[in-house]
Amino acid sequence: MDEDLTDRLRAQFARRLATESGSERGEAAAQENREPRTGANTVGWDQQHQLKSELPDQEGREAAAGLEGEWDAEEPGPSEAGGGSEREPGSPQPSGSRGGELAGRRERRGEPREGQNRQHWWKPGSFHPGTIQEMYWERSKRRYRERALKLSIKNPNKWKYRQDKKPHGLAPPRPEEPKEIHVYKEDLLIPSQARRPTVRFSFQTAFQKSSQWSTVSPSGSVINELAKMGDPDVLEMVQQDRRFSKEERYSKANEDLRSGESSFLICQEPRFKKDEQSKDSIFFRDGIRKIDFVLSYVDDIKKEAELKAERRRQFEQNLRKTGLELEIEDKMNSEDGRTYFVKIHAPWEVLVTYAEVLGIKMPVKESDIPSADRLPFSCMLEPLKLPRDVKHPTPDYFTVQFSRHRQELFLIKDESSFFPSSSRNRIVYYILSRCPFGMEDGKKRFGIERLLNSHTYSSAFPLHDGQYWKASEPPNPVNQRNILYRNWARFSYFYKEQPFNLIRDYYGEKIGIYFVFLGFYTEMLFFAAVIGLACFIYGLLTIPKTSGSSSEICDPKIGGQIIMCPLCDELCDYWRLNSTCLASKISHLFDNESTVFFAIFMGIWVTLFLEFWKRRQARLEYEWDLVDFEEEQQQLQLRPEFEAMCTKRKLNAVTQEMEPYLPLCSRLPWYILSGVTVTLWMALVVACMVAVIVYRLSVFATFASFMESEASLKHVKSFLTPQITTSLSGSCLNFIVILILNFFYEKISAWITKMEIPRTHQEYESSLTLKMFLFQFVNYYSSCFYVAFFKGKFVGYPGKYTYLFGVWRSEECDPAGCLVELTTQLTIIMTGKQIFGNIKEAIYPLVLNWWRRRKARTNSEKLYSRWEQDHDLETFGSLELFYEYLETVIQFGFVTLFVASFPLAPLLALLNNIIEIRVDAWKLTTQYRRPVAAKAHSIGVWQDILYGMAVLSVATNAVIVAFTSDMVPRLVYHYAYSVNESWPMSGYINNSLSVFLIADFPNNTVPSEKRDYNTCRYRDYRNPPDSEDKYAHNIQFWHVLAAKMTFIIIMEHVVFLIKFFLAWMIPDVPKDVLERVKREKLMTVKILHDFELNKLKENLRLNSASSTDFAKHFTIKENQANLAESTP
């Protein structure tokens, strides 16, 4: 961050304050900011490390208008000097009785007598010293303070503590009257050299509502901009702005009442002692301030120990400057005896300041919009529903963006619980990520992430609410973690709906929307799984009745008499067709008449899924107050790493402000390296796939010769053929290679993306998403694409086979087609990935946490505190959610891209997702530290990827049905070449196999053992050997090819037409949501308008009443004074 820009903003802020207040302090602040800064004092601390308090004096002003009494002389209290004209030291004094009388009046007015020190002389407001107005105002104020103090002592229950609430009306300003109240230092555990922030208290009667001045300060935009830039002194400016504003508008309480108030409110003894504090306490040692964030570190004995200690010192000092309160736990109090813990609390002033900066919406009024109508059959779904207090923990509210200048507009029942814990830790992390910790190598260093990477701190995390297996005990708030565990993270609740609102309140919108998406995707999979299971059952039931390929292959008189050509050179022997009987029956389960219907259905299903998800997302945006949330808000938030690397600045065309800029030439080498790396890794995936193909080709002959020679395998040869054995082993080997490549590429892609220095977090995630998805798309789907579109398509024919690298002969498909092998490949990869992923997600963090706790429990007699329990949990990294989305999208590809070959894929995905939801919930609730809450209104770039895969799935399924299955060749034979009207498919197998003359085999390919066969059969449409153009493609081949291309075109156009029609017909936003959004916008505008109007009326009424009463009493007192002067 550029120091010049920060200094200019500070100077601009100070000049505005000086202009608004007209005070000498504002001008001094402006002058101070023009000079080079050598250091910054801690915000809000007085020099004696003591707290200040103040009392709004609105009631005093109201009482002053109605009080009449004697004008006895009283001793004026000490105050700041300033205002009014002073008499020169050598000027003549009044003499005689008249002079004594004037001196008495001067004393009653508060003016100093001759020789009296003038530095304590106070001129309240704009009243001229010595006038009847000033005397009347001061007297009525004193009388009111005495009255208020008596009321507070007699009836303390009628008075309540409320922080920083402004009075209703305007009053003449008064300078600050600091009253020092000592607070025990051991309550805060802050070093004596550090200054404590000013905490202001005020009394307000329980039956009266206090309000704040609603006018936004002109310096508010400057303060917000400095907060975004991570300026540690931003809270000082907020308090300075508020202090000047109060001095202009309100009178303050006297020191006597302030002393009584502070001693009444501040407890002298801590509520909890260390040895008596609950293990699950989430508060500081005083039992009042809640822990919002925790940092931990271990003493480093290496050469960088002093550097790390200095970084921590400066970082924690700057955190205190921002207003955060810190409490440090010594390593002797930790379980392992080595770890320090820094507990962080965000006070109210910090929360309201940064809530406005981040644009957090808070409730202003309970919603009057009725809930949605119940579905007709909703009573049947009652067993699946959660209790209402879990599903909707809070009522619906109308919300607006929070403003610290309109606090009384919001429904603030309790300041400690007004902001949910997710918003609190989000605010603290925002400060932590932008807080500087010094200058290194001529650059300003800042951000907790950089300190974590350099091991200055070992961890940074917000606290869980308590232990997940039991509810919290007083004084801790409600344990939402326990509620989530009991109603969401248990496997026995797999059939229940998810508590989305509670997930959002506890973990934030970004994690919440992932579980909403996963739950919605699982619900939609139910319909696809039912249809897919029905198609599979249809194929199972039609196996005995079919007279197609499988029945002829298994028939000994047909399939048993057909001699097939060898599948490899020299080592392989001739074989009979009926040896593949089982494979042909399995193929019929997935390759039947329902395959076309299911492929078309899935094309429509994926369209409905995406369109209904857009509607669900729109409803979610309304329910979670994300309607006005724009991704640009996050785009404007630069990554700290980007700002640290930037040495130049340029003008932003939108904001018209200077911002960090990194030229393209500086990042171009990394872009080139990134592209080359991704390309090389995808080429490596293709090379590994080719290696697996070579493995299959090389071991097929070995399997074939071994199974022929081994007599003990004769019983398993009927179902474990060389083709199936090779396919299974090749698929398992390919899956292992996929996992290995994926493990290494994840590390490399994350490192390359960091080296590109993305500008924002969104750019970082988009770049990483592109790299990871491209690689995993090729890694997981390449083998399936090979089997579906390439295997058996370029084999050649006996005597003229094609060879891979001139050595290995190309693979052939089974006589029943390649669909069985594609189904095998898809089943092994999809099922293996899901099982491996769930085991890894469940077992890996569990084992790590057990081992970490086992190593840490060295001092078991010590207190195992809440922060230590969370510290021993696994970290939920910034990319954990990214990998969850990636896993779901890869599964979506298996379900949609190749579903025509495996109708049970949606069922397997459904079962996996039911388990996945509970595994993710369980590990997030029990095995991981609480992640920092983040905001998001959609699934981001993943939605575009899903749209792309949905379009691609239509083409892939059409090609699978046309070229991989036998559906189109059977249809062509049925309608064009069948000669048996009663059994149209009779003779299909014989028609689909061509004849080869064994004598035409080259010497290097003929089997070593001689057989008494003249011809053998192979799968293709070619002319017989006695034809003039022998072994050339016959006319049926071209008919079948034309039919395949026609089928692809027709199917794609039909499905795309239905997709576009459904997308046009289904609106993206439900009608009731549109009406609710309009209603809420109307009501919030009306609430804001009424609030400002009432404030204006109230101020005008108070000013008018004050002027009338003042004129009346002024006349009375002036007459009394004239009468007193005229009396001898």
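Just so it is clear, glycine is given a Cβ too, placed from its N, Cα and C backbone atoms.
Nobody curates TrEMBL annotations by hand; they come from automatic prediction.
Residues annotated as compositional bias 'Basic and acidic residues' in TrEMBL: 1-10 (among others).
Sequence annotations record features per position, and here TrEMBL assigns compositional bias 'Basic and acidic residues' to 22-37 (among others).
According to TrEMBL, the compositional bias 'Polar residues' annotation covers 39-48.
Among the features that TrEMBL reports, compositional bias 'Basic and acidic residues' is placed at 49-62 (among others).
Residues or ranges marked as compositional bias 'Basic and acidic residues' by TrEMBL: 103-117 (among others).
Per-residue confidence over the domain 'Anoctamin dimerisation' (283-499) averages out at a pLDDT of 87. Residues annotated as domain 'Anoctamin dimerisation' in TrEMBL: 283-499.
Summarising the annotation, TrEMBL assigns domain 'Anoctamin transmembrane' to 503-1080.
Feature annotation from TrEMBL assigns region 'Disordered' to 1-134 (among others).
The feature region 'Disordered' is assigned by TrEMBL to 157-177 (among others).
Annotation comment: TrEMBL describes 513-541 (among others) as transmembrane segment.
Long-range contacts of the transmembrane segment (595-613) within its own chain (CB-CB distance under 8 A, at least 6 residues past either end) are made by residues 517, 520-521, 524, 527-528, 531-532, 535, 895-896, 899-900, 903, 943, 946-947, 950, 953-954, 957-958, 960-961, 965, 967, 1051, 1054-1055, 1058-1059, 1062-1063, 1066, 1068. TrEMBL lists 595-613 (among others) with the feature transmembrane segment.
Note on the transmembrane segment (671-704): residues 567-569, 571-573, 722-723, 725-727, 729-730, 733-734, 737, 741, 745, 748-749, 752-753, 755-756, 767, 771, 774-775, 778-779, 782-783, 786, 804, 808-811 of its chain, located 6 or more positions outside it, place their CB under 8 angstroms from a CB of the stretch. Under the heading transmembrane segment, TrEMBL lists 671-704 (among others).
According to TrEMBL, the transmembrane segment annotation covers 724-745 (among others).
Here TrEMBL flags 768-789 (among others) as transmembrane segment.
Sequence-distant contacts of the transmembrane segment (889-911) (same chain, six or more residues past either end, CB-CB distance under 8 Å): 521-522, 525-526, 528-529, 531-533, 535-536, 590, 594-595, 598-599, 602, 606, 773, 776-777, 780-781, 784, 788, 819, 822-823, 826-827, 829-831, 833-834, 942, 945-946, 949-950, 952-953, 956-957, 960-961, 964-965. If you look up TrEMBL, you'll see 889-911 (among others) marked as transmembrane segment.
Under the heading transmembrane segment, TrEMBL lists 945-965 (among others). Same-chain residues lying 6 or more positions outside the transmembrane segment (945-965) and placing a CB less than 8 Å from one of its CB atoms are 591, 595-596, 599, 602-603, 606-607, 610, 769, 773, 787-789, 793, 817-819, 822, 889, 892-893, 896-901, 1044-1045, 1047-1048, 1051-1052, 1055-1056, 1059.
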